[in-house]
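S.K.: This is the feature table in Swiss-Prot:
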| type | residues | note |
| --- | --- | --- |
| MOD_RES | SER109 | phosphoserine |
| ACT_SITE | SER109 | active site, phosphoserine intermediate |
| BINDING | SER109, ASP248, ASP250, ASP252 | Mg(2+) binding site |
Amino acid sequence: MSQQGQAVARKFFGTDGIRGETNTGNMTPEIAMRVAQAAGEYFRRGDHRHRVVIGKDTRLSGYMMEAALVAGFTSVGMDVIQTGPLPTPAVALLTKEMRADLGVMISASHNPYRDNGIKLFGPDGFKLSDETELAIEQGIVSEPALVPAAEIGRARRIEDSRGRYIHALKQSVSDETRFDSLKVVVDCANGAAYQVAPSAIWELGAEIITLGVTPNGTNINDGVGSTSLDAIKRTVVEEGADIGIALDGDADRLIVIDEKGEAVDGDQIMGLIATRMAEKQALRGGGVVATVMSNLGLERYLDSKNLRLERTQVGDRYVLERMKTGGFNIGGEQSGHMILLDHATTGDGTVAALRVLASLVNSGKPASEVLHVFEKVPQLLKNVRYEGGRPLDKDSVQTAIADAEKALDGKGRLVIRPSGTEPVIRVMAEGDDADQVETVVDQICDAVKAAG
């Protein structure tokens with residue numbers, strides 16, 4: 001059994017920055033300005049002129065939050081570079097490329113438009129450590145050190161941010177790579193990649209059909225994108241496309257659709273890209289980093305290729321930490337977060353998509369034959385809500401868990417973890433016998449309900 005504890009309680013930062021419903025709780029202009037002031041003070045070190053890169057997705061509230069962040073950063077003496085709508089990995093890239101002290105992405109990823117979030121990146125383009133976020137939290141609740149009028153920062157928009165990122169995307173595949181033979185449906189979720197992803201794929205030669213490229217401030221992730229696949233599945237089949245590419249609101253995750261309209265998740269994509277990298281002696285670390293939620297089938301497949309699967313707790317930040325400490329250059333999540341460290345410092349759905357398209361072209365085979373690299377082991381996840389207490393500490397629940405492990409008899413996996421944001425226990429089991437998997441999950445869920 002793999003069981004996670006709850007994260008250390010923090011007032012502002014969660015597992016992926018600060019996130020919430022706009023104009024409530026921590027997601028207000030006032031809090032955004034204080035975050036900017038605290039982060040600006042923290043990163044305002046050295047004698048050089050300090051700067052921050054700010055990008056956003058297409059949410060209506062993005063303009064409001066951007067203005068608050070600009071006010072906060074400039075008030076503590078930092079210059080601001082505004083990119084406009086741009087994917088999260090592009091903001092991370094430009095932060096490093098433009099020698100900025102800090103990068104900020106305004107996005108709530110795959111959440112509906114009512115939510116928004118603030119993600120921070122250090123000068124190296126990587127997300128901040130827990131220690132740095134805690135230091136910034138302390139600054140948020142302290143009095144800001146406002147600078148004299150003559151030292152207030154300046155703000156400017158750069159017009160070529162999209163072009164810079166498109167160039168970097170094309171550099172992530174070989175110079176000989178062309179997609180002339182492919183007809184590709186690209187779904188950008190009416191989000192941050194609505195201009196850059198179709199352009200990059202088209203510039204590499206593909207015929208493209210676009211979905212989710214008409215953002216209006218309120219339609220991000222609404223019936224389109226990697227969490228709403230009906231439209232792209234239907235379009236791929238109706239248009240006779242070779243493949244579909246579905247991104248989420250900030251384009252840090254990817255789900256692929258084969259020519260038959262079947263979805264291909266992050267586990268299959270990781271398996272495909274990792275084996276192609278291994279064939280070219282480009283894979284580092286001897287395998288792939290994924291979370292405890294990745295399918296056992298991926299682990300068995302990699303093992304058959306003499307590669308290993310290193311597991312972490314859920315969250316792409318934990319995947320990235322293990323990649324950095326273990327020398328890996330590919331990792332991700334079943335949900336579609338894909339980190340290719342040779343080309344990006346955070347999850348980048350478009351970079352991963354280009355790798356998938358290159359593999360498809362080089363194979364000369366249909367996507368349905370190329371993308372489904374392993375047989376999935378039956379897997380079931382259920383969420384159980386509870387009221388008060390700690391149900392996982394109850395003897396009755398521990399007995400149910402022990403019975404489940406005994407029933408699986410080493411031929412499956414059991415993952416039980418509390419949610420870090422709500423009173424929910426997540427129960428996942430997988431094994432070769434689908435009926436047995438369902439039985440053990442239901443038994444544990446019943447025990448949690450009774451204990452709660």
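Placement of Cβ uses the backbone N, Cα and C atoms for every residue, glycine included.
Quick one: how deep are these features, and who are their neighbours?
M.R.: For SER109 (phosphoserine), other Cβ atoms within 10 Å of its Cβ number 28.
Counting every protein chain shown, the Cβ of ASP252 (Mg(2+) binding site) has 32 other Cβ atoms within 10 Å. In three-state terms derived from DSSP, ASP252 (Mg(2+) binding site) belongs to neither a helical nor a strand segment and is classed as coil.
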S.K.: Could you give the Cα-Cα distance between ASP250 (Mg(2+) binding site) and SER109 (phosphoserine), in whole Å?
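M.R.: Cα of ASP250 (Mg(2+) binding site) to Cα of SER109 (phosphoserine) measures 5 Å after rounding.
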S.K.: Using a 10 Å radius around its CB, how many other CB atoms surround ASP248 (Mg(2+) binding site)?
M.R.: 35
S.K.: Cα-Cα separation of SER109 (phosphoserine) and ASP252 (Mg(2+) binding site), in Å?
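M.R.: Here the two Cα atoms are 8 Å apart.
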S.K.: Given the recorded Mg(2+) site (SER109, ASP248, ASP250, ASP252), which additional residues of the same chain have their Cβ within 8 Å of the Cβ centre, ordered by sequence?
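M.R.: Going along the sequence, the neighbours come out as ASP57, PRO87, THR88, SER107, HIS110, GLY191, ALA192, LEU247, GLY249, ALA251, ARG253, GLY347, GLY349.
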